[in-house]
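Working notes, beginning with the structure itself.
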Amino acid sequence: MSGLDGRPVRSTAALSGTLAVAVALLVGLGVGDPLTVLVSVGGALSLAGGIWALDGGSNARVAGGSVALLVGTLCLGATLTLGASTPALFVTLGLGLAVTLVVTDATTGLARSDSLGTALRESGNALLVGIVLAVLLNLLVEFDPLTAVAAAVLALAVSSSLVAFVTLQLAVLGVLALLDRTVPIVDGWLPDRPDSEGPLDGLADAGVAATDVPKTVWAVLGVELFVALTPFGRALFALFLDGVPLVGPVLEFALSGVLHVAVGLVAVALVGVVAADGLRHWVADWLGDDPARTLSLQAGGLLTVALALVGTAALSVLGRPLLPGPDGGVTTVVGPAAVVLGAVVSLLLVTGIALQAVALLPDTGFVAPTSVGFTVGSALLFLSTLGAAELGLWTPLVVVGVAGALLVWDTGVHASGLGAQLGRAAESTDSQYVHVTGSAAVLATAVVVALAARYLLVPALAPPASPEAAWRSAVALGLVLVALVAFGLALTVREKRSVAE
């Protein structure tokens, strides 16, 4: 029995998840905007599907689960945006979270999903790297700091002929030092070749480390630099160039910045090689011992970063802003893509905290670990229905929604109990039919009694002073009746468990 899969029985758990979706749509569409409700429930199903896929063995399935998690998170953001100005926002969010918890417990088992935290962390890391990249790209495009810095350095380096002569020598020494560093890197990228002299061997001989440069050369450069900093030295060198009829003008033209630009371009290329090698080592360390698995866990974050960057570039070309509102402030500095990715990170953090907090509830001892998703999810359905009632949900829908929430809980707990005893793959058709039919019959009777009391008994015996008072008293009576039935169902389930144990 040690290898028994104790998750909820498939068929009964699937019925509980289906009921949760039906109740959420019934209550949500009765009080909220249809698009907002559909986005919330769709995002909830995407989150649950992502958690289910993360428990798979293949990297492709895990990558799909990571993408589904981000899609569900983005749907959460869309729900907040669409319902920001509506009073039913919290009801819609509660219904979405309830569907996520119930469907997750029905498919994976919320307390068993150890890979959820790993996927959230890896996707968050990818998004944070994307934010840094988006900020750097925005700074390059908006402010062009590299061009400004290069122009300032070049202007300073060729401020006079003598200064240009000294800085050119320093630049050449820097290129030789970079060459000594980059040749082994490029040689390591190339495939192994026979022991014969190749083009890189000559470059390796030309490269000189800064420590290998003779001290006399550094001394001469130091003297030249000191002289170049004095007005007398600069004037004397300019007089020397003017005194050489043919060579002087050529040297003056060469020292005007032409050679500096050429040497600078070579230096930039060599620095790019060194930076690429450092980036390669960083990526290898970031991906760890199993790069394929790490990339699959980060698939959702990487896809979101790519869409944000490409979307920003495309909208910029079309002249349409990614974010509405006036330009300026933080958005101008960091860029709209970084703002969007930061919002996604925040939503992902909130989603992860909510799911992980529910998964930790069994540690308190008040909720069984095998049915924590069913219990908390059905409770959220119940509370969301009460909130919808306050917003004007039709009375029959209120009573049916509460009864449906109780049926979701009862069905889910029944599936968890069977799974813990017989395993997830157990055949439960007969037990499911008997249990669900009995529970549904009792709840249907309670609904009929509550509605009859609302529309027949209360108006006949105690006519209300106002329509508002009638509505409130009827709903209160109906909820009391349903609560009594729920109490009876809870006692019945408890007795059955005691007998089974």
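Note: Cβ is positioned from N, Cα and C throughout, glycine not excepted.
TrEMBL lists 12-31 (among others) with the feature transmembrane segment.
Through the fold, the transmembrane segment (37-55) approaches residues 17, 21, 24-25, 28-29, 61-62, 64-69, 71-76, 78-79, 82, 92-93, 95-100, 103-104, 107-108, 110, 112-113, 115-116, 119, 300, 351, 355 of its own chain, all at least 6 residues removed from its boundaries and within a Cβ separation under 8 Å. The transmembrane segment annotation in TrEMBL covers 37-55 (among others).
Annotation comment: TrEMBL describes 62-82 (among others) as transmembrane segment. Sequence-distant contacts of the transmembrane segment (62-82), counting only residues of its own chain at least 6 positions beyond either end whose CB sits under 8 Å from a CB of the stretch, comprise 33, 35-36, 39-40, 42-54, 56, 89, 92-93, 96, 100, 115, 119-120, 122-123, 293, 295-301, 303-304, 343-344, 347-348, 350-351.
What TrEMBL lists as transmembrane segment is 88-111 (among others). Residues 7-8, 13-14, 16-17, 20-21, 24, 27-28, 31-33, 36-37, 40-41, 43-45, 47-49, 51-52, 55, 72, 75-76, 79-80, 354-355, 358-359, 362, 369-374, 376-378, 380-381, 383-384, 387-388, 391, 408, 412, 415-416 of the same chain lie 6+ residues outside the transmembrane segment (88-111) yet bring a C-beta within less than 8 angstroms of a C-beta in it.
Positions annotated as transmembrane segment by TrEMBL: 123-141 (among others).
Sequence annotations record features per position, and here TrEMBL assigns transmembrane segment to 147-179 (among others).
The transmembrane segment annotation in TrEMBL covers 217-241 (among others). Counting same-chain residues at least six beyond the ends of the transmembrane segment (217-241), those with a Cβ under 8 angstroms from any Cβ of the stretch are 160-163, 165-166, 169-170, 173, 248-249, 251-252.
What TrEMBL records for 253-276 (among others) is transmembrane segment.
The feature transmembrane segment is assigned by TrEMBL to 297-318 (among others).
Positions annotated as transmembrane segment by TrEMBL: 338-359 (among others). Sequence-distant contacts of the transmembrane segment (338-359), counting only residues of its own chain at least 6 positions beyond either end whose CB sits under 8 Å from a CB of the stretch, comprise 47, 51, 69-70, 72-74, 76-77, 97, 100-101, 104, 110-111, 113, 116-117, 120, 123-124, 127-128, 130-131, 134-135, 138, 304-305, 308, 322-323, 330-331, 372-373, 376.
Per TrEMBL, the feature transmembrane segment maps to 366-387 (among others).
Per TrEMBL, transmembrane segment is recorded for 469-493 (among others).
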(request) Please indicate, using numbers and ranges, the residues of the same chain that are 6 or more beyond the transmembrane segment (12-31) and have a C-beta under 8 Å from a C-beta there. (result) 37, 40-41, 44-45, 48, 88, 91-92, 95-96, 98-99, 102-103, 105-107, 374, 377-378, 381, 384-385, 388, 391-394, 397, 400-401, 404-405, 407-408, 411-412, 414-416, 418-419, 428, 431-432, 436
(message) Same chain only, please: residues at least 6 beyond the ends of the transmembrane segment (123-141) with a C-beta under 8 Å from a C-beta of the stretch. Say none if there are none.
(response) 66, 69-70, 286, 297-298, 300-302, 304-305, 308-309, 312, 333-335, 337-338, 341-342, 344-345, 348-349
